[in-house]
Amino acid sequence: QIFNQHNAEAPNLQPAFHRMAQMEPNLDHDVSWFLLPSYWSKMVVALISFLCFANSYDGDFVFDDSEAIINNKDLRAETPLGDLWYHDFWGSKLSSNTSHKSYRPLTVLTFRINYLFAGGFYPVGFHVINIILHCTISVLMVDVFSILLGGLQFSNKGRRLNLAPKSSLLAALLFAVHPVHTECVAGIVGRADLLCALFFLLSFLGYCKAFKENKEGHTFSVFWVLVSVVLGAIAMLCKEQGITILGLNAVFDALVINKINLLELIRKLLYKGKSLENAGLLRKGLLFRITLLMCGGAGILYIRWRIMGTGPPAFTEVDNPASFADSLFVRAINYNYYYSLNAWLLLCPWWLCFDWSMGCIPLIKSVSDWRIIALAALWFCLIGLICQALCSEDSHKRRILTLGLGFLIIPFLPASNLFFRVGFVVAERVIYLPSIGYCILFTYGFSLLSKQAKKKKILAVAVLGILLINVMRCALRSSQWRSEEQLFRSALSVCPLNAKVHYNVGKNLADKGNQSAAIKYYREAVRLNPKYVHAMNNLGNILKERNELHEAEELLSLAVQIQPDFAAAWMNLGIVQNSLRRFEEAEQSYWTAIKHRKKYPDCYYNLGRLYADLNRHIDALNAWRNATVLKPEHSLAWNNMIILLDNTGNLAQAEAVGREALELIPNDHSLMFSLANVLGKSQKYKESEALFLKAIKANPNAASYHGNLAVLYHRWGNLDLAKKHYEVSLKLDPTAPGTKENYNLLRRKLEQLQKKGS
């Protein structure tokens, strides 16, 4: 019924400007699909998109979330809001040589708001926002697809009409349930793509609103064109792809608003020598609007360039090996192979992986590689579609195919390696926006098949089956994104040659204390990529803890030889050398680490331990003081300073350091314990007792806390309380050094007192 009302209203529209789709064949005529009122279509799309990803709401922070959120100081209240505009997505300064130049301040701002409202790093709120964003985008897709598939037309009352309700519903459902979107929705870092897509679509819808005839009879609104540019700028501040909407708006204007036949236009300009006006480019203000879009885009890019500087992003060969190939042929052929893989993920999103780098996709180095077939298939399809889009006599077909290809290709261009090197091989998140073009082409293909098919219901059931399979695949993939263990293990079958996959599985196992299993995966990561310094560093750390010091030293020495500025490996090498009692070499390794990472509190802490072992007490105190200056919450450095000063008889200085430390870290029970020991030796029994009791309240199962409190009571003369805490300490740790002797002394003293009393 809705569809018939739209057709009935169309002839009443007077201005030719508003009859974009009136004379064209209607796509819905041949589509065997459900016809629902607009609000019901949107409700269905919202519900199904929610069901696809709902089980990710209580997932953990996984993979890149730790760097972009947990370790990103820009999320914390103490970081000035203004810093967000000069930092990259990961919290590094854009001017830094190590910055990836990912400039997404508005996305980081939403993370910061999440963090403040949640009162900390609780992932539920972050995940819920991502799910809501995807549902909102999927609902907006109903309107976007109705324009792209049915054309732009308004009623007499100025209301935009949906001339393809069945097709737009199908396309929106295809978008909502596409499994390749799981990374963007279930991975919190995917917020960048979601926010970008939201403002990308709002920019497009705003541009369409510019062609609603106003009361003065003007054919378009400059205001809404400018709003579209501003929304495009906001999209780019969420993620770089957002800027491409300005180009797509221009394409839409030319094809739908002005109905330009690109092939005919080229012929007029090249062969007939016609002017722009005669060729139709000045009709209805097209050139003026494109100029506004171009000026807006150029201005946005210039401002971004001024902020981020001229330096290129810092990527390594393992991130994108094809871009480092010396041969232009090897680079070109591999880039095209990557494009074919992206296309395959859209067509068959079954093999999904959180990371496609580090040997997951070996380079194609000769034309004899069978994977060349994938390139040929991709370009055969693309050339066929382009020819139909340019040469078809059916204007409706030309428009839909050109828009489909435009939305497929143009948003993908920033990730294509054509303009600059990107830091990945294949990334599922970057095809969130290009999937719009895929959905247009799929829906159009379905309409053509429906037109030819005799049993249209079977075809509709097949499409329903595809949607259902995609929903189940989304739910399964979302569950894999809920924890790092599931996510990393799911990649082993997809990319068994990916060293990073084995590295991450190993790291996850090591974090859970399963060092034996972690060693196996770290060794495999190093075998697959003999230059994988991070895997060497982590493996060396585990071997160091297992006292396999010589192999640990070999691995860490190789890591710093491959990457001389790898500060963490230098520090760990210093720890191993210290354990091997090669103190001069250890000191040199520590200072090399600090040279490459000047703000390295953990390295200063370990350097202090080395100096303490060598009885260089002043140097040790200075090193630990540097650690606390760089990281005021460095509890171990504070503790070591207190203990060293205590052991060397500097009780007043130890007390001052302890009080300073507790002001900065008031809830650290180990600091309370250390300061309580100092106060007890200074005969400040009451204050010492209070700190001991506070430390015990925070950590009641620490035998040493009870044992030292018992010593305090013993000295103080509170023998009954001393006896009680000695017994608690021995119950918790029967082998506690000195406690049993002190307890026996106390018992003898109590027996003597009882004899005297009797």
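Any Cβ shown, glycine's included, is placed from N, Cα and C.
In TrEMBL, the feature transmembrane segment is placed on 243-266, out of the ranges 243-266, 339-362. Listed stretches 131-151, 243-266, 372-391, 403-424, 430-449 were compared with the transmembrane segment (39-57); the greatest number of C-beta pairs under 8 angstroms is found for 131-151. For the transmembrane segment (458-476), same-chain residues at least 6 beyond its ends with a Cβ under 8 Å from one of its own Cβ atoms are 32-33, 48, 51-53, 55, 170, 173-174, 177-179, 181-182, 349-350, 446, 449-450. Within the model, the repeat 'TPR' (703-736) carries an average pLDDT of 89. Note: the stretches the transmembrane segment (188-208) and the transmembrane segment (286-305) are not in contact (fewer than 3 CB pairs below 8 A, sequence gap of 6 or more).
Among the stretches 131-151, 220-237, 243-266, 286-305, 403-424, the one making the largest number of Cβ pairs under 8 Å with the transmembrane segment (430-449) is 403-424. Touching of the transmembrane segment (372-391) and the transmembrane segment (403-424) is concluded from the presence of at least three CB pairs under 8 A, sequence neighbours closer than 6 excluded. Each residue in the repeat 'TPR' (499-532) gets a DSSP state, and the totals come to 27 helix, 0 strand, 7 coil. Listed as Cβ neighbours of the transmembrane segment (220-237) (distance under 8 Å, sequence separation of 6 or more from its ends, same chain) are residues 103-106, 195-200, 202-204, 206-207, 209-212, 214, 243, 245-246, 249, 284-285, 289, 292-293, 296-297, 300, 304. Among residues of the same chain six or more beyond the repeat 'TPR' (601-634), those with a C-beta under 8 A of the stretch's C-beta atoms are 567, 571, 574-575, 578, 583, 586-587, 590-591, 593-594, 640-641, 644-645, 648, 661, 664-665.
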